[in-house]
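Undergrad: Copied straight from TrEMBL:
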- C30-C65: disulfide bond (DISULFID)
- C40-C54: disulfide bond (DISULFID)
Amino acid sequence: MSQDMKEKLEKYRTAPFDARFPNQNQTRNCWQNYLDFHRCQKALTAKGTDVTPCDWYQRVYKSLCPISWVSKWDEQRENGTFPGKI
């Protein structure tokens with residue numbers, strides 16, 4: 001993992017501004033980072049490489065998403081009923 005990514009993870013406090021989601025409502029930002037985290041893990045696991053870079057997405061979605069949403073989505077993924085494409 002690059003030194004730059006390690007530094008970003010160490011200095012992380014809250015989700016930074018994302019130009020794709022400029023409005024106050026951050027629901028879509030939460031959803032997209034949840035998907036990106038699981039896609040990243042799936043892709044890097046398939047390659048057999050370190051999944052540490054995926055931690056960035058996890059930190060962002062955990063700071064933006066209500067815990068109840070994440071719990072529901074995790075449960076849906078386990079049951080095979082998750083609506084998103086991972």
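From the backbone N, Cα and C atoms, a Cβ is placed for every residue, glycine too.
Heads up, TrEMBL stuff is auto-annotated, nobody curated it.
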Undergrad: Determine, to the nearest whole angstrom, how far the Cα atom of C65 (disulfide bond) is from the Cα atom of C54 (disulfide bond).
TA: 17
Undergrad: Who sits close to C30 (disulfide bond): which same-chain residues at least 6 apart have their Cβ under 8 Å from its Cβ?
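TA: Counting only residues 6 or more apart in sequence, the Cβ neighbours of C30 (disulfide bond) under 8 Å are Y61, L64, C65, W69.
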Undergrad: Take the Cβ of C40 (disulfide bond) and count every other Cβ within 10 Å, whichever protein chain it belongs to.
TA: 18
